[in-house]
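Accompanying notes for the structure given below.
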Amino acid sequence: MGVLSVAQLNVLAVAVKSRWICRTKKKKKKTMADRRTFNVVILGVGFLLIFTAFTTCGNIEQTVVKSLENGTFTGSGYHSLGIIYGVFSFSNLLAPTVVTIVGPKIAMFLSGLLYSGYIGVFISPSAWSFYLTSVLIGIAAAMLWTAQGHFLVENSEASTINRNTGMFWALLQCSMLFGNLYIYFDWNGRTVIPDSRRRNIFLSLLVTSILGTLSFLVLKKRHREEEMLSEEEGQSLLSPRMMYKHRAKTAMQDVKLELQTILQLVKTKTILLLAPCMAYSGLELSFYSGVYGTCIGATTQFGEEAKGLIGISGILVGIGEIVGGGLFGLLCKNNRFRRTSVVFLGMVVHFVAFYLIFLSIPDDAPVVFKTTTQKTSYLSPSVSIALLCSFLLGLGDSCFNTQLYSILGRVYAEQSTPAFAIFKFIQSVFAAVAFFYSGYLALMWQLLPMVILGFTGTLCFFVVERIQIVSVDFQEF
């Protein structure tokens, strides 16, 4: 008695082994979930740091260029941003191939280095390096965003994709706050930005961008990805280049299929109707991200506050984006709030902002170079009205962008990647065009095309939404 038989020992051993395996699986599953969450957080922090540097740079660069004491520099901040968006729009077609070959982690790291190089140019600016890095950062932006989407999906499941996307975008939107806050404290009370101040600012932004780039090296590979890589490496010991050739071949096939799909979608009624709305999002993107801050900084009546207000304006644009993204995300879960209601609100908000800007900002604000504004506005420029318009621009932008993503995801659920590629292409092309004419057209002539295209785009969005409602009702019938 008290001694276990061999059969009982075997049963006990099997039970212990089963329990150990079960615990090991749970522990492994928890480790993988923790690793994915870690990756998403690091991804968001990396983008937060890089775009804290880049969005701040975009907001102030035309003002910085105007303040340069180097008389031989002939570059334009507007032209630089136009080049970036123009190159970005076409680079999107090839970026998936590069990301597939080198992997999203390396692609994001290399892109971050190019972003840092662009910011570093402002420490000791020259026209050739300024425009060269503008081209390179356009390519880098396409790789960075393609890799970001790929990496975010890789580290998410159906149950976590919404949470992970929300975490990432919350961190990203905060990038408009910190750099602009620094600009406000550093520039407030200054009418001219001396070279020493410029160097200090861009050294700080460069360090921020480099830290964001280095954070991508901390990203961990998934367990399944490590197994696949070890298998690939084992199969290609005799010819190490075969693995990359295979990846390149697969990527090219995918690109060809995607281009065919894009060409098919471009001809569809939905895309053609949404094109004006997409184009409008590009025009207003260029206005709030590069032109409006320059207008505030050039307004004579703001006096010594003008340069510092550029930073506060950028912060309020970011707050508008954050409020709009969060608010409309919640509202659209309620069926009573249709996409058309949000887009209509966005149009009204933007038109109010455009009207107030037209009345209170001098017409020559976007185009003056070495001096501040010489013309007078219809109303005396008001700091409170100017900053209210900054918030409204960000809020309205979130209205249009969230609903464009929403309707494209709904209509093209099975073809979302090419549909979003078309959206980014049209948006980027029109943003590039707008940046190129921003340095030559008076404020009124920059606001007018946005009003026309905004109204047309909103009407076309209504038509698309109506078609979708009728289509759903017909299917249910």
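Note that Cβ sites are derived from N, Cα and C of the backbone, with glycine treated the same way.
TrEMBL: automatically predicted annotations, no manual curation.
The transmembrane segment annotation in TrEMBL covers 37-56 (among others).
Under the heading transmembrane segment, TrEMBL lists 76-94 (among others).
According to TrEMBL, the feature transmembrane segment maps to 106-124 (among others). Same-chain neighbours of the transmembrane segment (106-124): 46, 50, 53-54, 57, 61, 64, 98-99, 130, 133-134, 136-137, 139-141, 143-144, 146-148, 151, 198-199, 202-203, 205-206, 209-210, 212-213, 216-217, counting only residues six or more beyond its ends whose CB sits under 8 Å from a CB of the stretch.
The transmembrane segment annotation in TrEMBL covers 130-153 (among others).
The feature transmembrane segment is assigned by TrEMBL to 165-185 (among others).
For the transmembrane segment (201-219), the list of distant contacts is 39, 42-43, 45-54, 56-57, 60, 105, 108-109, 112-113, 115-116, 119-120, 122-123, 151, 179, 182-183, 186: same-chain residues at least six beyond its ends, Cβ to Cβ under 8 Å. The feature transmembrane segment is assigned by TrEMBL to 201-219 (among others).
Sequence-distant contacts of the transmembrane segment (271-289) (same chain, at least 6 residues past either end, Cβ-Cβ under 8 Å): 55, 58-59, 81, 85, 265, 317, 343, 350, 390, 393-394, 396-397, 400-401, 404, 407-408, 419, 422-423, 426-435, 438, 446, 449-450, 453-454, 456-458, 460-461, 463-464. Taken from TrEMBL, the feature transmembrane segment applies to 271-289 (among others).
Per TrEMBL, the feature transmembrane segment maps to 309-330 (among others). Below 8 angstroms of C-beta separation, residues 55-56, 59-60, 63, 169-170, 173-177, 179-185, 187-188, 288-289, 292-294, 296-297, 302, 342, 383, 386-387, 390-399, 402-403 of the same chain, each at least six residues beyond the ends of the transmembrane segment (309-330), sit close to that stretch.
Per TrEMBL, transmembrane segment is recorded for 342-358 (among others).
Residues 284, 287-288, 292, 296, 299, 301-302, 305, 309, 312-314, 316-321, 323-324, 346-347, 349-350, 352-353, 356-362 of the same chain lie 6 or more positions beyond the ends of the transmembrane segment (378-396) yet place their CB under 8 Å from a CB of it. The transmembrane segment annotation in TrEMBL covers 378-396 (among others).
What TrEMBL records for 417-437 (among others) is transmembrane segment. Sequence-distant neighbours of the transmembrane segment (417-437) (same chain, 6+ residues past either end, Cβ-Cβ under 8 Å): 78-79, 81-86, 88-90, 92-93, 258, 261-262, 265-266, 271, 274-275, 278-283, 285-287, 290-291, 404-405, 408-409, 411, 446.
Annotated transmembrane segment per TrEMBL: 443-464 (among others), in sequence order.
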Cβ contacts under 8 Å made by the transmembrane segment (37-56) with residues that lie 6+ beyond its boundaries: 108, 112, 115-116, 118-119, 148, 151-152, 155-156, 164, 167-168, 170-172, 174-176, 178-180, 182-183, 205-206, 208-209, 211-213, 215-216, 218-220, 289, 314
Between 76-94, 130-153, 443-464, who has the most Cβ pairs under 8 Å to the transmembrane segment (342-358)? 443-464
Beyond the flanks of the transmembrane segment (76-94) by at least 6 residues, Cβ under 8 Å: 58, 61-65, 130-131, 134-135, 137-139, 141-143, 146, 255, 259, 282, 286, 289-291, 294, 421, 424-425, 428-429, 431-436, 438-439
